[in-house]
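Features of the protein shown, as given by TrEMBL:
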type     : residues : note
TRANSMEM : 21-40    : transmembrane segment
TRANSMEM : 52-70    : transmembrane segment
TRANSMEM : 82-101   : transmembrane segment
TRANSMEM : 113-131  : transmembrane segment
TRANSMEM : 143-171  : transmembrane segment
TRANSMEM : 183-204  : transmembrane segment
TRANSMEM : 224-245  : transmembrane segment
TRANSMEM : 257-279  : transmembrane segment
TRANSMEM : 291-311  : transmembrane segment
TRANSMEM : 323-342  : transmembrane segment
TRANSMEM : 349-369  : transmembrane segment
Amino acid sequence: MLLKKLSTLLTDSFRNCLKRFPVTICFAVALSVFLCYLYASEGEESKRVLIVWRYYLAVGTLLSLSLHLWTEEMRGLLRKVTTHLIGHALLLVDTLCLYYLAEDKFYTELALAHVAGIFAIGLSVFFLSFLKEKNDLACWNFTYSTFCSFFTAFFTGLLMTGGGCLLAYSLEMLFGIKISYKYYAYISIVGSVLLPILLFIGLLPSGAKKFNREAEQTQLQDNFVRFLFLPLLGGYLIVLYLYAARILVQWELPTGWVSWLTVALMTGCITVEWLLYPGRMNGANRMNERIVCWLPVLTLPLLVLMTVGILRRFNDYGITVNRLYLLTLNGWFYLVCIGLIINKARRIIWIPISFSLIFLLTSVLPINFASIAKHTLHRQLKEKVLTSRLSLPLTVESYIQWMDSLPLQEAIHLNDRFRYLKDWFGQENVEDMLQADIPFYNIDYKLTTREEGEPTFMNGCVADSCCIPVPDGFNCFTQVSLHVTFQQSQNDTLAVSVEAYSDQSGDSIYISLQQLNEFSSQQYIPLTLYPCLRSKNLFALTQYYLSCNKLSKKEWTLDLNGHLFKKQ
């Protein structure tokens, strides 16, 4: 009887889900089947096709859920269908554009634009159905229920995945049945993707429960705010006000770290406003009313510290994508504090909505913060390179000579900006100024240690794609790892023993320290062969690491990796 009731409940729940969220279920099933296909075919299709398909099915699942929740309150079937068609048509166009754009072009700009778009779609699940409400109680209750449903479905999926994998492993251990790793992947996909999605949408409140307007404030929420959040936020406020008083007395600018403490303070402030909202709507607790009114008032003056700190970072280190977003976040904090003070926190739904809109507007193509930072940084660096009067693009040697000719701090700053431009936006954005093999990280270390004299370490390796040919007359090789410790001297040549890998006692190779120093200025070291002293073997160097004792700076350690070619 119990199994029959459980079966009936699951069947009715799935039938209701299929009736309420048909498109979402289709996308979820298609996504699960596609992931299973990836493991079955072991990714035989092109990488771009797989990424685009995965993006379309995953975002389509989220988009269809948001559209179903929004349109289920609409009147008229035509209006509902039209809304769904427009939303999915836009997603399809976006997916096709993503596929036909070059894989390595506008990568950072594209990534930020799509992250902002997906974030906006995800946020719309919670708020889109409640824009016409007189207050935010229904939205608050629905959001709370949705989070509870999500965590319930997520942990249930993890439990079922673990149980299914344990069952498959037991078959292998008890009966000797060989279970391929692909079947474990199928179990994980069904248990951690498909099942949680179906459970999640099945647990979402509907009808009157979806628009529950009762103000329910639990004692746990009050205690959580008063005894955990408020003491922590009070500590943030005290530290920041004391710091503001100190820099005013000493008449100095704030450091960049003050921005992160201010972000933590504002995050806590918004969380407190959200947690205390239901209890304030029934007017049962005046203490909560005072808390939500005074928190933004006390926080607002401290936002000036964050503003000055960010502007100082712009002035000292230049423009970056992160600093543009951080400055925009600072402006949004002003908006939140002023808005909470004016409307006395009677409405709070506008806070996440405004964040999503600002993030979307600053991230969508064709012009977003990434493209602004890229073009600004490229223009500034191009102007700086042209003042050097060197022929472009600069080679490794000319770039190092240029860095050495500049004041130390200016050279470190320029090298760091070149490295940032290449790492974030690709080699094509610096190829008109620099060649492709500039070792920015090695040069950065050499610059930072230039005032101390000798560098404390040097390293290098051959390229991953380097093909090591077998020398003529040799027919076998041994992988070699060598280690030697020596005292600093005027002698440039160092004897390194290879006796452990050779047939001759006392066999060794000679390494030029000057040559290793030259290698450290290159992105990859060239393939170099060293003849052995007593045997006819050859040692091919693939990687080295040279370092000295930081205390004495006299004792050096050299580690070498490579191949020892032999004749048999």
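Cβ atoms here come from the backbone N, Cα and C positions, even for glycine.
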Cβ-Cβ under 8 Å with the transmembrane segment (82-101): same-chain residues at least 6 beyond its ends: 23, 48-49, 52, 55-56, 59-60, 63-64, 67, 70-71, 74, 110, 114, 117
For the transmembrane segment (21-40), distant same-chain residues with Cβ under 8 A (at least six beyond the ends): 50, 53-54, 57-58, 60-61, 64-65, 67-68, 84, 88, 182, 185-186, 189-190, 193-194, 197-198, 201
Highest-contact recorded stretch vs the transmembrane segment (349-369), from 52-70, 113-131, 143-171, 257-279, CB pairs under 8 Å: 113-131
Distal contacts, the transmembrane segment (224-245) - CB-CB under 8 A, six or more residues away: 254, 258, 261-262, 264-265, 268-269, 271-272, 275-276, 288, 291, 295, 298-299, 301-302, 305
Recorded stretch that, among 143-171, 291-311, 323-342, has the most CB pairs under 8 Å to the transmembrane segment (183-204): 143-171
For the transmembrane segment (323-342), distant same-chain residues with Cβ under 8 A (at least six beyond the ends): 259, 262-263, 266, 270, 273, 292-293, 295-297, 299-300, 303, 306-307, 310-311, 313-314, 350-351, 354-355, 358, 362, 369, 372-373
